[in-house]
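S.K.: Below you will find the structure I want to go over with you.
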Amino acid sequence: MQTFAEISAVRGHLKTFKREGRKIAFVPTMGNLHEGHLTLVRKAREYADIVVVSIFVNPMQFDRADDLNNYPRTLEEDLSKLTAEGVDVVFTPTPEIIYPEGLDKQTFVDVPGLSTILEGASRPGHFRGVTTIVNKLFNIVQPDVACFGEKDFQQLAVIRKMVDDLAMDIEIIGVPTVREMDGLAMSSRNGLLTLDERQRAPVLARTMRWISSAIRGGRDDYASIIEDANDQLRAAGLHPDEIFIRDARTLQVITPETTQAVILMSAFLGQARLIDNQTVDMVVESKDEAESNDGTAANAE
C-alpha cells in the first residue's frame with residue numbers, strides 16, 4: 001500500500017495504472033474507519049483492479065466548528081486497517097493542500113434542489129461542501145467506480161445527481177448500511193458516545209423500524225407518526241433532530257404514485273449526531289405481516 005498527501009504525487013501514480021488499462025475504484029472517507037468503511041473497501045475490490053481510499057476531514061461540509069473540531073482523527077489506526085484490507089493507494093491530503101486559498105476563495109459545486117431540502121434546509125452549505133470535495137477528489141483520482149454508504153441517503157442521491165448532471169464517466173455504487181449487533185448503524189461519530197449513551201443509541205433504529213411497521217400497516221398520518229416517534233426518542237434520552245418520511249426516488253412528499261418511501265432520521269445524543277434511514281415499500285401489509293417484519297435490518301455509511 002502506498003500513501004500520498006500531495007495531489008501531483010497521487011495523480012502521477014494513478015496515471016500509471018490508467019495507462020496499463022487497469023480499473024480504479026475509489027472510496028472517499030473522513031477517516032476514523034470502522035467496519036462500515038471496510039465494507040465499502042471490499043465492495044470496491046469487487047469492481048476494480050486498484051482500490052484507492054482517501055482520508056480527509058472536509059471543513060467545507062461542517063456547519064458547526066465544534067463538530068469539525070470534535071470529529072475523531074485516527075490516521076495511524078486507519079492506515080493499519082487499510083493495509084490489512086489490501087488497499088492499493090491511500091490519499092491523505094491536508095486542508096491546505098485541498099483548499100490552498102482557503103474556503104472563501106474556493107470554487108464550489110452546487111446541486112440545486114436536492115441540496116437545499118430536508119437535511120440541506122437545516123444545514124445550509126453542507127451538501128455544497130460534500131459535492132465540492134467529492135468532485136475535486138474525482139478529478140484527482142479519476143476513478144471508474146466510486147462506493148458510498150447508503151446510510152447517508154440524501155448525500156448519495158445528491159452525488160448521483162451531480163455525476164449525472166456533469167456527465168461524469170463514473171459508476172456510483174451504493175452499499176447497504178452495516179450495523180452493530182443491537183441495530184445501531186455504524187458511524188465514526190459513535191465513538192463520541194459514553195457507555196450510557198451507547199446503550200441508549202439503538203433506540204434510533206428501533207424507532208425507525210416502528211415507523212416502518214406503521215407505514216406498512218397502512219397508516220398515512222405521517223405528522224402523527226413523526227410526533228409519536230419523537231416522543232419515543234425523548235423518552236430514551238435522545239434529542240430529536242429531524243424525521244422525514246418521503247418518496248425514496250424524489251425525496252419529495254409522498255403521493256399516491258409513490259411506490260417506495262424512505263424514513264430519514266437524525267437525533268442528538270451527547271456530543272454525537274446520529275443518523276439513519278430505511279426504505280419502505282408502499283404496500284399495505286396485514287397487522288401480523290407488519291409486526292413480523294418489524295425487526296428487519298434497515299437500508300441505508
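Note: Cβ is positioned from N, Cα and C throughout, glycine not excepted.
If you look up Swiss-Prot, you'll see H37 marked as active site, proton donor. Annotation source Swiss-Prot lists ATP binding site at 30-37, 149-152, V178, 186-189. What Swiss-Prot records for Q61 is beta-alanine binding site. For Q61, Q155, the entry in Swiss-Prot reads (R)-pantoate binding site, with the evidence type sequence analysis.
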S.K.: Highest Cβ count within 10 Å among the binding-site residues M30, L33: which residue is it?
M.R.: L33
S.K.: Between Q155 ((R)-pantoate binding site) and the residue listed as 'beta-alanine binding site', what is the CA-CA distance rounded to a whole number of Å?
M.R.: 11
S.K.: To the nearest whole angstrom, state the Cα distance for the pair G36 (ATP binding site) and Q61 (beta-alanine binding site).
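M.R.: So the alpha carbons of G36 (ATP binding site) and Q61 (beta-alanine binding site) sit roughly 20 Å from each other.
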S.K.: Neighbour count first, Cβ atoms within 10 Å, every protein chain included; then name which of H37, Q61, E150, Q155 tops the list of recorded positions.
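M.R.: Going through H37, Q61, E150, Q155 one by one, the largest Cβ count within 10 Å is at H37.
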S.K.: Can you name the residues of this chain that are 6 or more positions from V178 (ATP binding site) yet have a C-beta less than 8 Å from its C-beta?
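M.R.: Spatial neighbours, sequence-distant, of V178 (ATP binding site): H34, E35, G36, T39, G149, A185, M186.
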S.K.: Measure from the Cβ of G36 (ATP binding site) and count the other Cβ atoms within 10 Å, all protein chains considered.
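M.R.: So the number of other Cβ atoms within 10 Å of G36 (ATP binding site) is 23.
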S.K.: Measure from the CA atom of H37 (active site, proton donor) to the CA atom of E150 (ATP binding site) and give the result in Å, rounded to a whole number.
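M.R.: E150 (ATP binding site) to H37 (active site, proton donor), Cα-Cα distance: 11 Å.
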S.K.: Please give me the CB contact count at 10 A for S188 (ATP binding site), counting all chains in the structure.
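M.R.: If we count other Cβ atoms within 10 Å of S188 (ATP binding site), we arrive at 21.
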S.K.: Using the alpha carbons only, what distance in Å do you get between M30 (ATP binding site) and the residue listed as 'active site, proton donor' once rounded?
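M.R.: The residue listed as 'active site, proton donor' has its Cα 10 Å from the Cα of M30 (ATP binding site).
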S.K.: Quick one: pull the CA-CA distance for L33 (ATP binding site) versus the residue listed as 'beta-alanine binding site', whole Å only.
M.R.: 18
